[in-house]
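Quick look at what TrEMBL annotates:
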| type | residues | note |
| --- | --- | --- |
| DISULFID | CYS192-CYS202 | disulfide bond |
| DISULFID | CYS216-CYS225 | disulfide bond |
| DISULFID | CYS970-CYS979 | disulfide bond |
| DISULFID | CYS982-CYS996 | disulfide bond |
| DOMAIN | 74-190 | domain 'CUB' |
| DOMAIN | 691-811 | domain 'C-type lectin' |
| DOMAIN | 953-998 | domain 'Laminin EGF-like' |
| REGION | 1264-1289 | region 'Disordered' |
| TRANSMEM | 21-40 | transmembrane segment |
| TRANSMEM | 1140-1164 | transmembrane segment |
Amino acid sequence: ARPGKKWILGENVITHNYLRGINRYLVVYVLFYFVLFTHASPAKSCDKNCLSGKCINGSCVCDRGWVGDQCQHCQGRFKLTEPSGYLTDGPINYKYKTKCTWLIEGYPNAVLRLRFNHFATECSWDHMYVYDGDSIYAPLVAVFSGLIVPEIRGNETVPEVETTSGYALLHFFSDAAYNLTGFEIFYSINSCPNNCSGHGKCTTGNSIASRVYCECDKYWKGEACDIPYCRNNCGSPDHGYCDLTGEKLCVCNDSWQGPDCSLTVPSTESFWVLPSVKPFGTSLARASHKAVVQEKVMWVWPHPEHTELNPSSSTQDDIYMFGGKLEAGSGNVTDELWVFNVPSRTWQRRSPVVGPPAQAQIYAVEGHSAHCALLDSGEAIMVVIFGYSPIYSYVSNVQEYNLKSNTWLVPETKGAVPQGGYGHSSTYDSASGSVYVHGGYKALPANKYGLVDDLYRYEVNTRTFILRESGFPRYLHSAGLLSGTLLVFGGNTHNDTSLSNGAKCFSADFLAYDIACDEWKLLPKPDLHRDVNRFGHSAVVSNGSMYVFGGFSSVLLNDVLVYRPPMCQAFLTEEGCVKAGLGVRCIWNRGRCLPWETAKKLLPLITVDERCYRFSDCASCTANTNGCQWCDDKKCISASSNCTSVSPPQVCSKLANCKSCSLNPNCQWDQNQSECHALPAQQCSEGWSQVGEACLRINSSRESYDNAQHYCKNLNGNIASLTTTKQVDYVLEELKKLQQQDKQLSPWVGLRKINVSYWGWEDMTPFTNSSLRWLPGEPSDSGFCAYLEEPQVSGLRANPCTATAHGLICEKAAGKRQTDTHPCSLHTNCANCTSQAMECMWCGSAQRCVDSTAYVISFPYGQCLEWQTSDCLAQNCSGLRTCSQCLEQPECGWCGDPSSTGRGLCMEGSYRGPMKRPAKQGQQSQSQDMSLEPGICPKDKGYEWAFIHCPACQCNGHSTCVNGSVCEQCRNLTTGPHCQTCMPGYHGDPTNGGKCQACKCNGHANVCQVLNGKCFCTTKGIKGDQCQLCDSENRYLGNPLRGTCYYNLLIDYQFTFSLIQEDDHHYTAINFMASPEQNLDMSINASNNFNLNITWSVGSTAGTISGEEVPIVSKTNIKEYRDSFSCEKFTFRSNPNITFYVYVSNFSCCFLSLLLVAAVVWKIKQTCWASRRREQLMRERQQMASRPFASVAVALDIRGENTDFLFSFQGPPKPIAMEPCSGGKAAVLTVLMCLPSGPSGLPPPGQSGLIVASALIDVSQQKPTDFKDKSQALKNRKALPPAHQGTCV
């Protein structure tokens, strides 16, 4: 158990009068107990302690809201009314898929405070939500996730959470992955904040008698007396003085600065300040906003409900804002461009013109960044970097907007191939014209995703990327450029739980990247009176300082942090200047210490070629920000120099979903691996030529049209349908080349006559007589197939298909272009979202479908209460049919009807009663608009509102209760402890008053599936939801609507039927039929006893209810049977259509061990109708001889010799031919075999060592085997289909 963790198992308050009343019965009770104990058997004890329950008969019976073998996990709803107490998930790690809700009830408008003594959950996936009210429709004040511990001893990682409505609702949800130690939360009603932090005393106020407040000690201030002020008396009188009249701050003299006036101006030391200035009102706290500085004014937007990044850039009097997520709708991401004019305070929307190429577009993204830059040409542009698109996933492109021409461009970039992402930081350095991009959340190879530590430098003028790794992965952090140093603060540093090693959701890391030295340093974290961990904040640089605003740290923040770095002017010596310290870059020039920005303009330009030459491999060359690039001729040079040839970029691997992959014609999407791969340069095998999307092959052999078609099929292709201009031009050009070599060809093409006046291509495309034209007088009436006679004039001529043409043209597809899958964001309900082959996740509370690689960034602040990848829940409360299902969803409550039998209605609500969303025209109302509507569940009419626990009687309206909760007798064809299911033989959903109806199985089943009514057919071979079909694919014939189904037996075979699969346990019968042409021997045996009936008939309707069958055998409870039936006894000669029917039933007395193996053996005695059989064989030989002949290529593996084959052979050996017999149920398989050759490896003299072998095979049950369900490799959340029950022949 976790140290210091407490939990309340319950309380009993017993008054003094009550105790005095039971004293008189105490002695009698003790005597009765001993008598009972001596005559009763001792109760069985539990092996483990029952933590939140009672031990009854050796097992723990849990209290309400607790589950587990020791009742150690919370799972349900709790109500707490004591003035103070604790709440916890349990003494050990919480379990998977936990949903627990606590309602703390105080008195109206009371202040409730929550103190998190311990909190450890999986970051970004398992959340604790805190609402200021009695439902989730109340204002959300905090969302806790991850590991919360103090950064500095004595500091508070998170503030106390306060609610002022008199209620507090806490809801915890964990998913099915990692489970950590959980939480312990202390709550109190009407107490001082943080118990005044030990720097004051708690006092009752005069104006509001019920409220208390802190009276702080000297030099401490704040609501919780947690803010020190005027330390060291501000160095008075030399450095400054303490102002006690206003904010209680140090007022420093002109030459001193810092929180306590202890640093000189300028200073060689850096410091952080936490000013008391905040936006007016806590409602202006925000995260994932953007801030820019314009004329020493910091502009912050968007509105707090916009919980995604809307990057912006400023230029002169205008501020540009592009993209982001719209507040309205289900998380729509926009491509809108807005301009805010600062002097007039007005917004204007721009509609850019999309520039070339033709396929260019504006990517609607979120989590991106943008900067305005001035090109060398003098034009001003806005550069939009990366971001996430719900349609195209993580975008690796840079987008450019020309401010003057109003044109939008997606340019091709040079240098390193970037991997775009969400939530990176970026800073523009105007001096070098470069944007520094750090970190982000990205899709990674092998269908993985997470944080990265990439640092890109993007040169705006040359559109060149240069890459380096930083070693500090994070996203939703901030960055600012000061004194030649990139300062990175905060962010979410938690990668996948298995890799994070305790990294926290909310970081206060402070990093510095020295541009001149190309190195990273870790700076000290802010040393303030409280922790300042956060992500989703913004940072701007102004007047030599960095200002950090807002963010998220379980609660939305509205504070401002100020970082003041060391000032270069404060260093008076060259040594001190060069070693100025962490986070600042200074340069000594002419006896002065100057900042990097000023000094580098005075320095001569230095080429970087010499610096690049020291890198000897591609990875080292490109993994730096020194401006190097790797060339194919194995050398590393400056990015500004020219390579003779540059290594091709791996663009395809950076495309994160099928949609973006399909846009690039050189890439293809691998659905099985969920990766984008580059198409091979040559997608056609040897001997083929790639023409557009097809591979073409011209052959010079003389064949008929049918043989030409057969030739192409042997090459896994088809005779060519020349439907595109590119294909026609290629063929004509190739034929002209052959003509110049005195090789005149007139090849078949895939064009044939469909009917009297219609010609069409083999791929079913109509012939248009455009690119290829008929020669004069063509097509002739005698011709049904077309060939190309004169390539100079594209002349086609018709010919009989049996005639011979000189040449043929084959085609096949060029590679496999994966068809585009539907992006997750376009699915509008759970069923569609989770049924897609790619991984999608459905969030019911947000009504959004998101890609699993983007779930964390879609809800970075825990906006999704619960997600599903299968087993979709009802879309709203009214779809939940039972009270237990209803109260599992935190937004729902149960209104029980006056019958008190468990019937009712689930609806949105709170502890005080049901709630209703008022109808608003033209827009979707927010959850906060819900209002209390007690009239929906009127208590005065006998209705009962349940929010914490369900009513005791839960019989679904089919029974009344005895002893309060036991269903007395289930009616209406129902059964179960709560009358929750239908009786055997009936189906339906009887919950909440639903009805049951009889199974409709056409007499072939006694029971059916309870919910959907699908029958469990008892005769093998009968299928269908109502047992209305025969399994004809597996040789079962008949009509179950008028009789039954029979397995059609072949002669001279032994059949084994194994009924051991899970779906076979309902079978109690199997039937066979056969029509022998001569005497018959039959034997049947089984592992279990069975009943046997054999009949025969000559009627055409035999085997149905109206058919006439003559019984000849009837046996019961046997294991084996053998018999012989002669043609004389049954007059086979006069009745050639005689049919035997064998009925095997009652396999076993029960369904517990059905291991039936029934064998039916038919043996032929060649005594009857021998001549008739010979005639039939002769007809089959004549039919086989009339078939067209074709050549077959055979490859011989000659040991010790290397042979160049004309064709490429792949896969296992194939038969020479497989000739189907009449009816398509059997075929003759022909193979070429090598005879044994002995030690020499050579056949005997005069022999080839090869033979042709044939066999008759059954092809009636063959299934395609080359198709694999790739979705199973990607997601395993759905059960595999049951193995197909075939029949061994």
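A Cβ is built for glycine as well, from the same backbone N, Cα and C atoms used for every other residue.
In terms of Cα spacing, the disulfide-bonded residues CYS192, CYS202, CYS982 that come within 10 Å of CYS216 (disulfide bond) are CYS202.
Cβ neighbour counts within 10 Å, taken over all protein chains shown, single out CYS979 as the most crowded of the disulfide-bonded residues CYS192, CYS202, CYS970, CYS979. Other C-beta atoms found within 10 angstroms of the C-beta of CYS216 (disulfide bond) number 21, with every protein chain shown included. Long-range Cβ contacts of CYS982 (disulfide bond) within its own chain (separation 6+, distance under 8 Å): LEU973, THR974, THR975, GLY988, PRO990, CYS996, VAL1010. When other Cβ atoms within 10 Å of the Cβ of CYS996 (disulfide bond) are tallied across all protein chains shown, the result is 20.
Of all Cβ atoms in the protein chains displayed, 23 besides its own lie within 10 Å of the Cβ of CYS225 (disulfide bond). Here the domain 'Laminin EGF-like' (953-998) is broken down by DSSP into helix, strand and coil counts: 3 helix, 14 strand, 29 coil. Rounded to a whole number, the C-alpha distance linking CYS202 (disulfide bond) with CYS225 (disulfide bond) is 10 angstrom. Per DSSP, the domain 'C-type lectin' (691-811) is made up of 29 helix, 45 strand, 47 coil.
In this structure, the C-alpha atom of CYS979 (disulfide bond) lies 52 angstrom from that of CYS192 (disulfide bond). Rounded to the nearest whole angstrom, the C-alpha distance between CYS970 (disulfide bond) and CYS192 (disulfide bond) is 55.
The average per-residue pLDDT of the prediction over the domain 'CUB' (74-190) is 89, rounded to a whole number. Per-class residue totals from DSSP over the domain 'CUB' (74-190), listed helix then strand then coil: 0 helix, 56 strand, 61 coil.
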